[in-house]
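Q: Okay, here's the structure, questions in a sec.
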Amino acid sequence: MKLLTRHRIVAYAFIVLVSYATPTRVVNNQLTGDADLYGIGVRLSFYLQYGAAFIAKLMDLHDELKLLRRTMNVVALAVLVNAIISTVHGSFAVLEWYIVFNIAIVLPLPWFMPSFEVSTEDGKQAIEATNPTKNNAINFGLYLMLHSVVSAMQPWLYFGLLHQGYREGCLVRIFVYAPFSIYNPHWVAFGKTVSILGCLGILISLPLSLWTIVYGLRAGWNGGSPIGNIRRTGTLATVIKALFLGLLGISSIIFTEKTIQLNNIDLSGSPLTSASQLIPFLVGLFSLSAVPWAGLKAMRSGIGKEQAQC
């Protein structure tokens, strides 16, 4: 698929996702979820993109990883915009934001961590790090800005909207390696503490995100430049990195799915065939399908170079 076509699909996904808003509400002790925030298509989009990024990282497909960061940012931005609109309209905010935080912030986190990529075979010329060039710096800055916005929302959520949308007598649970009430005193205290610390962190993260975006724009204008010689990561380090990335992603997915299952959240109003679910799902599907193809091309290119040197 051509790059321009993929960008159009991502842009259309953003428009479709932001065009809908059905807040999570408790109706007759039944939780009716906002499918535009965490419906089956939206969740699968994040999961498929996570899988694609995992494969791209292991196969050192730098260009594909850059594009995946961009699509993750766009879908996450659409979800967060809808989450804010839904919260203003009186949704069950504390539950809604727990799910949104898992899929839109935690799940993409590993692919925005600054880390260095492989060098060429003689170890003297290095490929750039994952975050200093135009696309990656801008994408990293945008992700950091989204993270800052979510952090800024937390005090409002935990100190002002903690019981918004909740109906007395309903047992609402979340899953963090074990199920427990969302109003567990220890969890609420933890949420309030983290919300305060997160706001303090914004003093660093927000200026850093703006600086990174400006840096990316300037680097793109000037053509970009590598930052120095970097040697290939050893096998053990690669295995450890893969285990960490896998554990973080799988945990986020399990937390999300178990929370939806525990509360029997009704998302039947927006099946996978609906526009608000099908478009983000296709974004994830196309992202995943493009990575193996790029990997095969890279392998064939590498084999061709080796044969030419013989």
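Glycine is no exception: its Cβ is also placed from the backbone N, Cα and C atoms.
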Q: State the residue range annotated as transmembrane segment by TrEMBL; the candidates are 98-116, 174-192.
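A: Per TrEMBL, the stretch marked transmembrane segment is 98-116.
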Q: Which residues of the same chain, at least 6 past either end of the transmembrane segment (236-255), have a Cβ under 8 Å from a Cβ in it?
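A: Residues packing against the transmembrane segment (236-255) from afar: 47, 50, 54, 57-58, 102-103, 106-107, 109-110, 115, 174-177.
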Q: Before we move on, state whether the transmembrane segment (194-215) and the transmembrane segment (137-159) share at least 3 Cβ pairs under 8 Å, counting only pairs 6 or more apart in sequence.
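A: When sequence-distant Cβ pairs are counted, the transmembrane segment (137-159) touches the transmembrane segment (194-215), since at least 3 lie under 8 Å.
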